[in-house]
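Single-structure report; data block below.
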Amino acid sequence: MAKLNTTVLSLCVVLAFLTGQSAAGRYYADKVQDKVRKEVEKAIAYNPSVGPALVRLVFHDCWVNGCDGSVLLDKTPTDGTNTEKKAVNNIGLAGFEVIDTIKQKVGGDASCADILVFAGRDAADILSGGKIFYTLTGGRKDGVSSSAAAADATLPSSTFDFNQLQNNFGAANHGFTVEELVVLSGAHSIGVAHLSSYQDRLAGADVTPIDSDYQAALVKVTPPGLLTQGQDPTVPNNARDASSAFQKAAAYDPVKLGVNPTRGVLDNSYYHNTLENKVLFKSDWVLRTDSFAAGKLEEYKNNATEWNSDFADAMVKLSNLPALQGKEIRKSCRFTNQQYY
Ligand code: HEM
């Protein structure tokens with residue numbers, strides 16, 4: 001029996017080696033974190049698009065008054081239904097149902113704020129194939145206010161220039177360095193964006209440099225005129241995740257660029273794309289306009305392992321931004337306890 005166990009163990013080690021690192025079946029000794037993990041695994045297996053949504057939620061919750069679950073609220077006593085979800089800069093935010101399901105499983109054992117950062121961490125782990133992993137502790141309290149206007153005043157817009165981004169991230173606001181700005185922007189290797197978030201890159205007087213084939217391919221699949229007809233379709237943030245036809249039209253060959261062609265992976269492909277001007281947002285492209293940030297783009301393009309590790313560190317810092325108005329452990333992530341019946 002002992003021999004059989006050793007043989008099975010060796011086989012597992014060999015398989016793990018052959019398939020590369022794997023995030024499958026990670027186990028936490030902490031009961032809450034383990035429940036979160038299992039639900040995130042299930043949710044991503046059922047609908048892979050919730051993975052990027054959960055990673056983005058960490059940024060959008062923690063950036064506004066710290067990690068207090070305020071982004072999850074549908075209404076509050078002070079803001080009515082005009083909560084952060086209604087902010088323009090929160091367009092496309094998703095993953096709320098996954099958080100609700102997890103909340104049902106963990107009940108009063110964890111705040112919604114804790115659930116949200118744990119879920120984002122597990123999503124990053126799974127989407128990176130186990131290459132991005134970090135530990136977090138619980139204890140965050142949930143906030144009881146959530147304002148759309150405050151979120152729009154605090155979250156960066158995709159049309160920001162470099163100075164605006166630096167200021168938004170910097171010491172006067174969130175305490176993040178330019179290096180961390182460049183590191184965290186790499187999250188745009190996954191997920192999708194609405195046409196309204198990159199329309200400024202397709203037409204008009206203020207088009208910032210963008211590869212002409214990539215631009216033409218985007219115009220073809222999402223003509224800017226659709227916006228005037230009330231339509232706002234989405235495309236993948238990363239040309240790597242687009243259809244083969246799109247990639248051909250955009251002259252985007254992941255292999256030639258040195259990018260892993262596997263779709264949906266959270267990795268350093270963003271840096272390859274940005275340096276080719278095959279990137280969606282102005283806020284991505286402007287990182288090229290600052291010499292220090294541009295040097296970091298090059299560094300992370302050439303060193304995937306360094307980016308994985310720096311991204312994990314920056315996510316820890318993000319997930320630990322103190323909850324300025326954290327007050328309670330909510331019964332439902334969508335309502336304050338005062339409004340929960
Ligand atoms: C640097 C400033 C940033 C700006 C201006 C920005 C802007 C945006 C915009 C406009 C979208 C598309 C929204 C839509 O149209 O649906 C988006 C998507 C996304 N962002 Fe950012 N973002 C920034 C930083 C970050 C950070 C720090 C993270 C995470 C650490 C992040 C993670 C994501 C993810 C994962 C998506 C795809 C979401 C999905 O598919 O559901 N972003 N971002």
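Cβ atoms are placed via backbone N, Cα and C, with glycine included.
Keep in mind it's a predicted model, so treat the numbers as computed, not measured.
TrEMBL names Asp61, Val64, Gly66, Asp68, Ser70 as Ca(2+) 1 ligands; from the candidate set Glu41, Glu84, the record adds Glu84 to that same site. Taking the mean position of the Cβ atoms of Asp61, Val64, Gly66, Asp68, Ser70, Glu84 as the Ca(2+) 1 site, the remaining residues of that chain whose Cβ falls within 8 Å of it are His60, Cys62, Trp63, Asn65, Cys67, Gly69, Val71, Ala113, Gly143, Ser146, Ala151, Ala323.
Over the domain 'Plant heme peroxidase family profile' (31-337) the predicted model carries a mean pLDDT of 97. The recorded positions shown are Cys62, Cys67, Asp68; of these, the one with its CA atom nearest the CA of Asp267 (Ca(2+) 2 binding site) is Cys62. Checking the recorded positions Arg56, Glu84, Pro156, Asp267 against ligand 1, the ones with a C-beta less than 6 Å from an atom of that molecule are Arg56, Pro156.
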